[in-house]
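Okay, structure first, notes after.
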Amino acid sequence: QTNQTGPQCLEVSIPDGLFLSLGLVSLVENVLVVAAIAKNRNLHSPMYYFVCCLAVSDLLVSVSNVLETAVLLLLEAGALAAQAAVVQQLDNVMNVLICGSMVSSLCFLGAIAVDRYVSIFYALRYHSIVTLPRAGRAIAAIWAGSVLSSTLFIAYYHHTAVLLGLVSFFVAMLALMAVLYVHMLARACQHGRHIARLHKTQHPTRQGCGLKGAATLTILLGVFLLCWAPFFLHLSLVVLCPQHPTCGCVFKNVNLFLALVICNSIVDPLIYAFRSQELRKTLQEVLQCSW
């Protein structure tokens, strides 16, 4: 409500039950992705290893947020008795896990975009460029960098440079994905026009390519922006206007922003994993074995 001292704030309350349920759905989805890739040797390729690592990152994003929420609820209910120092250390560990999993998730989204770009523009040389050893080194570097950056963030979170570094990292990943996917869309449409000329057809193929490609691009970048941008906007405002009443309204919705990040962990398998017919077939076998 409007008061004498500040603007009217729209605060979206996220029930703890909904927050925990989103985390559980993400956990199940991403565990299934990892299990399917591990089971099927045909999926043991750099592309699917990147998808698998994205699933692990998204799994950690959800689990870390859910664990932190569960611990806070237990502390509030008095069901978990702990000293202040222990609670602080536990909070630090959770924050490192949350931050590290977020950074690695963004990195693997970028890695998948690069992998797809190379597969399209360097198709004949793809298997000599994206080899298993190179993919392994890239994956190891991403995990190591994520752990290091998250540790530094938690240790120096009150420094403006650290927050700006995280926001800049998000903007760089967004720019990378946008440039690569737009370029891939342009190449796909060019290829479609070439096929249309060969078959003496004109507008339907061109329009179909444009509409389908634009829809796919909108989904990829739209989901990325919708789920991640509010959280990094929050970090930006912490730097730009920490005391301003209007920014304070944004800060009150941090739980909504974290819920959107978890929603991204739910949507990622639908976009990057379950569209693969081979993976869906393996997933069906995994589910049948479990029953």
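Cβ coordinates come from backbone N, Cα and C, glycine included.
Remember, TrEMBL labels are computer predictions, not curated facts.
These come from TrEMBL:
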type	residues	note
TRANSMEM	18-37	transmembrane segment
DOMAIN	29-272	domain 'G-protein coupled receptors family 1 profile'
TRANSMEM	49-73	transmembrane segment
TRANSMEM	93-114	transmembrane segment
TRANSMEM	135-157	transmembrane segment
TRANSMEM	163-188	transmembrane segment
TRANSMEM	209-233	transmembrane segment
TRANSMEM	253-274	transmembrane segment
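Only residues 6 or more beyond the boundaries of the transmembrane segment (93-114), in the same chain, are considered here, and those with a CB under 8 A from a CB of the stretch are 47, 50-51, 53-54, 57-58, 60-61, 64-65, 67-68, 71, 138-139, 142-143, 145-147, 149-151, 153-154, 166, 169-170, 173, 176-177, 180-181, 224, 228, 261, 264-265, 268, 272. Only pairs six or more apart in sequence are counted, and the transmembrane segment (253-274) with the transmembrane segment (49-73) gives three or more Cβ pairs under 8 Å, enough to call it a contact. Outside the transmembrane segment (163-188) by six or more residues, the chain places 103, 106-107, 109-110, 113-114, 116-117, 120-121, 149, 153, 157, 209, 213-214, 216-217, 220-221, 224-225, 228-229, 232, 235-236, 238-239 with a CB less than 8 A from a CB of the stretch.
As a whole-number mean, the pLDDT of the domain 'G-protein coupled receptors family 1 profile' (29-272) in this prediction is 84.
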